[in-house]
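Undergrad: Features from TrEMBL:
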DOMAIN    A:6-281  domain 'Phosphofructokinase'
BINDING   A:24, A:25, A:26, A:27, A:28, A:158, A:217, A:218, A:219  ADP binding site
BINDING   A:106  Mg(2+) binding site
BINDING   A:129, A:130, A:131, A:166, A:173, A:174, A:175, A:226, A:250, A:256, A:257, A:258, A:259  substrate binding site
ACT_SITE  A:131  active site, proton acceptor
């Protein structure tokens, strides 16, 4: 065990359900191991400003089930510069913080990696993002909840689609990653799923719609991941409408409601385990790493190794989606 | 009691959660009173085509809790013409249907009113629309569920808004009616609510945002009813953005997910009572009326009387929203 | 307007979803009208001990959507005595509290009525109880949420009942009041509802089960309000089992989960309106009254008048339940 | 590919959320691969009686999101005998069924294994049970949903517990398996979890309660798996009550509501993949096997191999639960 005494914890980047459960686990595991835990508000912005607060068991009571992050999050332009990072480091030194735990996505990790390289402060990252686009772990915190939120919304839209013989294009989050789209597509019974990892031609899509929807005289849902090369849900719907008039066509963009809400048991347990692992890892000398859970085992991924890996959507999932959308 | 033997039931216009509970109540109460009940698919379109099916207790088993409508709904241009209505009436005669129960909104009621005037077929309407914009009843079927759906979405968006100090404009349904907006605004803790019944100036809104959001350094939610004179959520957000840069501004349009989902107990009970009342009313000689429930009492509103009334938003609700948004 | 400057607010008795929304409304409306609001922890127990805290807008931020009560609740034996009440009054005087708002059920109101008679402190009660058993208002805070919670649980149990041809007895809350039972019974599609207000014979129940369940070869749900004369769900199930073996019989007692959870929009709006009304009423000189909302209008009920009234279940609701359970 | 033409599918044993999604996947994948799919009602009971129905794409439309099983389930005593199984086999032969897919738990698999040994009919099992107690797969269908249902109930109970300083004992399902208990305990923030795999002494539990609850003057939740050696939640609560009076003690038994409800995305995707894999496996000559998904890969487990393995709770999960319950 190291001499680490005082550990700072913060959330950074887009918030994700389960971040509070991770904060709670870091604080409670820290206290269990006789560390002092300091909460840093608003990510790197608060770090630069010294917006720090000591965390007790009480500070994290009754937050396990809450969406969002009690430590708040922000994007800091200043921290992108070496000067900003030096300011941040001075604040950490001033407050005697000798280790950092960051809960966030890959952008946040890059910032911490730079801080580590320049100032050598021990640090561990916990992957918290609804997109599940980070290598080195089977799941990221928030993905399970966000996918359930998307699927619950799809269920509601299906009710109204079925009542009217309608074709709905539903846009879900996942900027560079089709995880939410493909899984909410399978779970939502979509006729097609359009993901960033794969280009979809409009003609193919229309062929598919003709083959299924019209023959069964029933409704159809198409799930579209935001930000894909094939265009937004709105654009794709427009192009389909021009060539396919069988159904009344509607678009729904789920948007930010996918970020919030009470985390599922899965995200709470994942966050709890990662929070404990981060404290234990830091205390055992791990640094510049991201905690991952791969097939139920905790691993520590060297920052540089994971950042160079792609995280591909599993090809087989697309195959399943296609078989079931007959 | 009348000699009525065979009653047709259908859903028309936009679907609303609880329509299935109303269909179930019509069928079961009909059978209880020894009527035959005929389901008419796809509203007036199916009526013109003779798309009829006899309904048994089994036909409505396990639908009480389902969103949408098992009889489906559609908008029929043909029924807007006297010729179309004559075709529909001939189908009804051919199938010995001697009474009609329509579950829908005011557009659907007008159609039935015309059919009644021209062909004298007894008919009763049940108000089913999420907008709660129909006079002659305290609540319409679907409004309670839709408002809860909106509020649950607002709760999720608040989580992420609070994590980032953001200003969200959330557009809810209610084309000419601010019911969902005002009530989800109070229930969602909105800083402002923009409804069709009242024009809102952008300057006033910005003043309000300055007075609350910035001083508390916290997030703000503004609820906008779709289709109001003040513009869409997107347009309002754009105009606010130009003058008010304190917060990062985002827009979410809840859209069709408000129409679906499992109905609340309130909508199921309302639909159950209205379904029973429609059968009992029709059997007692009521015609060209809409069932209403006013302060827990069933009433039958003459069609022409309610159509001439406005249904105003209660002024006091706006006052409450303003007091609580300090 | 009175000279009232400092108002104490507390929750008492069993907690109910929406109590936090009521506290928030009292605090915000109080501040809106330039009052100081003092939170009193743990009901009369905290009042006797002087467990008081000033409430700001911040004190009630982000609580609108939370179950339970941030002021906590307790039952105080000491307050049942005149000595206890005198102690409490002295604490109030010491802290310059010149008005009280109590959120709770009828037991809590009786305590406050006694305090008022003995010490003449202005006071207004807000009805918060899931049982909806308080006269002078159409609805009490928490009832809408609790009934939805019960119905959601019934929906889940129906899934498993239907998969196995089972007879389920489901016990819901409502000690002397069948409101939750009757409405969750209609909304849950129960074959029978057993409420405290009406004795149910086992033979009649078995006749009913024979008439419906067996003929349709399907499952049945019976809803039982706790604490009725007919016995607990467990006892009734036992007696039915002895005479009726067609189905496998199971019992589920929903219990305390009905008390918690995120309040519905309905309970949040009700609580918000009542909270504002309590402040406005107190300020306008109302005392020894309970706020009620009757057909959307705020009224102030003199304590003694409502306590002498019974609140009967509406006979017509039972009739509806019976027609629909064919 | 084999000559398999006609495949029977059925659900057996206790129902689990996601079984319908598995039925849907079997039917759709079957049709995709040009098989005829026959639904067998009520498990082995219906198999013996020849209660068969051909399944089309339409037969499984709009069931993906529903709890329970549209094919119903039952326990058959007759199938436990060789005579019963011979009767079942003759029905299968009569209907030209040349392969079987069973969705159920280990009891159901044993029945099918015997049928296979005696009559050599190709068969594949899909693990569907909320208990997650089957080796050879990371997760069983229904477990994710049931754990979320338990955690949502725990969240509601926590609201009321916190309002009153109470100690709640909450009994969750999982007869011989602590999976639901341990994971809902971590996710629900329980102070202690009592599972069948480990004996818990009452003295230890009281020590724990003294160490946490009383010092923080807050509420506590203890999760108890049903059927453990340490006794039921009711018995444990009784024994604790005798020695520990700091809190008011309450018990809630979640019971059958854990079996029902809309499946999560996770269970729907798991069921979809397993359904496709069962068809593909059977067609490729797999028999007497159970489909498993281990670290996202489909595997086929020989029946005899998995039945001899235990499925242990992961020790590390208990460790996490203890660290976080400080």
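The backbone N, Cα and C atoms fix where each Cβ goes, and this holds for glycine too.
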Undergrad: If you measure Cβ to Cβ, which of the binding-site residues A:106, A:131, A:219, A:250, A:259 are under 8 Å from chain D?
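TA: Cβ contacts with chain D under 8 Å: none.
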Undergrad: Which ones in the same chain are close to residue A:173 (substrate binding site), with CB under 8 Å and 6+ residues apart in sequence?
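TA: Long-range Cβ contacts: A:130, A:131, A:146, A:150, A:180, A:225, A:226, A:254, A:255, A:258, A:259.
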Undergrad: Counting all other Cβ atoms within 10 Å across every protein chain shown, which of the binding-site residues A:26, A:257 scores highest?
TA: A:26
Undergrad: Please report the number of other Cβ atoms within 10 Å of the Cβ of residue A:219 (ADP binding site).
TA: 24
Undergrad: Using Cβ atoms only, which residues of the same chain lie under 8 Å from residue A:28 (ADP binding site) while being at least 6 residues apart in sequence?
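TA: Counting only residues 6 or more apart in sequence, the Cβ neighbours of residue A:28 (ADP binding site) under 8 Å are A:57, A:60, A:275.
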Undergrad: I'm trying to understand the geometry here, so how far is the Cα atom of residue A:129 (substrate binding site) from the Cα atom of residue A:106 (Mg(2+) binding site), in Å to the nearest whole number?
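TA: Cα of residue A:129 (substrate binding site) to Cα of residue A:106 (Mg(2+) binding site) measures 9 Å after rounding.
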Undergrad: For the domain 'Phosphofructokinase' (A:6-281), what is the mean per-residue pLDDT, to the nearest integer?
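TA: Average per-residue pLDDT within the domain 'Phosphofructokinase' (A:6-281): 93.
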Undergrad: Out of the binding-site residues A:106, A:129, A:250, A:259, which are near chain B, with a C-beta less than 8 A away from one of its C-betas?
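TA: Of A:106, A:129, A:250, A:259, the entries that lie near chain B are A:250, A:259.
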Undergrad: For residue A:259 (substrate binding site), what is the tally of other C-beta atoms lying within 10 angstroms of its C-beta?
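TA: Its Cβ shell of radius 10 Å holds 26 other Cβ atoms.
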Undergrad: Could you round the CA separation between residue A:219 (ADP binding site) and residue A:175 (substrate binding site) to a whole angstrom and send it over?
TA: 27
Undergrad: Do you know offhand how many angstrom separate residue A:24 (ADP binding site) and residue A:175 (substrate binding site) by C-alpha?
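TA: About 28 Å separates the two Cα atoms.
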Undergrad: Specify the nearest of the binding-site residues A:106, A:175, A:250, A:257 to residue A:26 (ADP binding site), where nearness means the distance between Cα atoms.
TA: A:106
Undergrad: Return the single residue from the binding-site residues list (A:24, A:175, A:250) that has the minimum number of other CB atoms within 10 Å.
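TA: Minimum Cβ neighbour count within 10 Å, taken over the binding-site residues A:24, A:175, A:250, occurs at A:175.
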Undergrad: Rounded to a whole angstrom, what is the C-alpha distance between residue A:250 (substrate binding site) and the residue listed as 'Mg(2+) binding site'?
TA: 34
Undergrad: Can you give me the Cα-Cα distance between residue A:257 (substrate binding site) and residue A:106 (Mg(2+) binding site) in Å, rounded to a whole number?
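TA: Given the Cα positions, residue A:257 (substrate binding site) is 22 Å from residue A:106 (Mg(2+) binding site).
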Undergrad: Between the residue listed as 'Mg(2+) binding site' and residue A:175 (substrate binding site), how far is it from one CA atom to the other, in Å?
TA: 13
Undergrad: Secondary structure at residue A:106 (Mg(2+) binding site) (DSSP, helix/strand/coil)?
TA: helix
Undergrad: Please state how far apart, in Å and to a whole number, the two most distant Cα atoms are among A:129, A:130, A:131, A:166, A:173, A:174, A:175, A:226, A:250, A:256, A:257, A:258, A:259, the recorded substrate-binding residues.
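TA: Farthest Cα pair among residues binding substrate: 33 Å.
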Undergrad: Applying a 10 Å Cβ distance cut-off over all chains shown, what neighbour count does residue A:129 (substrate binding site) have?
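TA: Here the count is 27.
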